[in-house]
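So the structure is just underneath, and the comments pick up after that.
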Amino acid sequence: MSKALDGVRILDFTHVQSGPTCTQLLAWFGADVIKVERAGAGDITREQLRDIPDVDSLYFTMLNHNKRSVTIDTKNPEGKQVLEALIQKCDVLVENFAPGALDRMGFTWERIQELNPRMIVASVKGFGPGPYEDCKVYENVAQCAGGAASTTGFDDGPPVVTGAQIGDSGTGLHLALGIVTALFQRTQTGRGQRVLAAMQDGVLNLCRVKLRDQQRLERNGTMKEYPQYPNGTFGEAVPRAGNASGGGQPGWILKCKGWETDPNAYIYFITQAPVWAKICNVIGKEEWATHPDYATPAARLPHLKDIFAEIERWTMTKTKFEAMQILNKYDIPCGPILSMKEIAEEPSLRKTGTIVEVDHPTRGKYLTVGNPIKLSDSPTEVKRSPLLGEHTDEVMAELGYSPEQISALRTAGAI
Ligand code: COA
């Protein structure tokens with residue numbers, strides 16, 4: 001079966017996490033992704049957090065599936081020529097170097113346009129234009145500067161970063177959308193363009209509801225669904241809301257049977273208004289369905305702590321999975337806190353290709369997260385990440401270099 005991005009060639013100049021997540025997605029949709037790395041070293045993540053000596057790390061392998069790897073020294077004059085040939089042959093150049101690095105290599109936007117006016121140049125940077133535009137940025141910096149950390153955690157504790165890589169993988173996703181949109185526009189204009197996804201912007205986009213709350217707070221001085229209401233105090237900025245739900249239906253994380261020894265024996269419980277009577281029945285508080293202090297969402301707001309304490313008395317008598325089964329029968333929205341171990345072993349995720357086992361020549365079998373976006377006409381087949389420079393000769397031959405020329409370039413240290 002053909003793939004959605006068949007025929008699209010990506011010159012992948014990305015490294016670490018943000019850029020590689022983007023180009024991995026494009027590869028899963030069928031693009032030919034040619035990853036350019038430095039000979040002898042490669043993407044720094046190949047050797048970071050290694051669990052097996054001298055073998056590409058899981059950090060690298062899980063972010064670089066379905067790509068080809070070529071080694072080019074882009075600071076070597078002959079290496080530069082190879083890169084120029086690639087720019088002329090590809091549709092998109094994706095990079096997430098520190099600000100200015102591509103220009104310092106000699107590949108300014110103007111130069112790239114001279115070489116290939118149809119080229120789309122897509123970049124992840126930490127910040128957009130402004131006071132921090134020259135800064136190098138990693139995941140947690142973006143989480144802090146994008147508003148996630150100040151709004152995550154509990155009221156009486158420090159800001160907290162989340163395990164979800166919203167700065168890196170989140171921005172990679174934003175960039176991928178920018179790229180396919182630019183490719184679509186190119187079908188009309190015939191021209192390439194620059195695509196920028198700044199990590200601060202990407203995180204803020206994902207924290208949009210918190211900017212909503214900032215304005216609600218400034219107007220009314222309080223927010224009734226926050227745990228600070230009614231007894232705590234609100235300051236000038238959106239406070240950390242613990243596990244409160246970000247939407248209009250109050251929710252909280254509650255203990256389940258076994259919580260004393262299992263750190264993940266918890267369930268997320270949402271007291272959705274339309275199923276309030278059913279919740280009262282399930283937890284044995286039938287009288288709350290009609291009691292004036294509990295019958296309506298507005299009446300319940302000042303009592304949320306007591307309500308969740310009462311529901312927790314019930315959830316603590318059940319495992320998270322037993323509670324799920326019972327609550328789902330009544331359409332009460334809830335979710336088990338799943339550990340990574342439980343997710344890795346979940347058969348339904350294996351069946352849909354969301355968790356995939358991949359075989360690798362030096363590492364052996366490992367688990368990875370497959371494509372979370374499923375296209376019915378462009379199914380994803382997850383293929384192992386390339387070894388460093390595995391496809392250099394193949395790609396050079398496609399560019400028209402003879403075996404003798406390739407060997408001379410290798411001797412000169414250009415590839
Ligand atoms: N041949 C020759 N030189 C190469 C090369 C190649 N194939 N590939 C990279 N380089 C050079 C670059 O030109 C650059 O050289 P310069 O500084 O002399 O201009 C150098 O390698 C290092 O690149 P840089 O991006 O600065 O790497 P770093 O390890 O110092 O910084 C980041 C890493 C992630 C902090 C930085 O790249 C960054 O801020 N990126 C943008 C934001 C981002 O994506 N962050 C999230 C990462 S998950």
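One-based numbering along the chain as shown.
Backbone N, Cα and C define each Cβ position, glycine as well.
Just so you know, TrEMBL annotations never went through curation; they're auto-generated.
Since we're looking at a predicted model, the values are computed, not measured.
Of the residues proposed, ARG9, ARG104, the one TrEMBL records at the same CoA site as GLN17, SER18, ARG38, ASN96, PHE97, ALA98, LYS136, VAL137, TYR138, GLU139 is ARG104. With a cut-off of under 6 Å between the Cβ and any atom of ligand 1, the binding-site residues ARG38, ARG104, VAL137, GLY247, GLY248 reduce to ARG38, ARG104, VAL137. For the pair formed by ARG38 (CoA binding site) and ASP168 (active site, nucleophile), distance between Cα atoms is given as 22 Å, rounded to the nearest Å. Neighbour count (other Cβ atoms within 10 Å of the Cβ, all protein chains): 27 for ASP168 (active site, nucleophile). In sequence order, VAL209 are the residues near GLY247 (substrate binding site), counting only same-chain partners six or more apart with C-beta under 8 A. By the criterion of other Cβ atoms within 10 Å of the residue's own Cβ, the least surrounded of the binding-site residues ARG38, ARG104 is ARG104.
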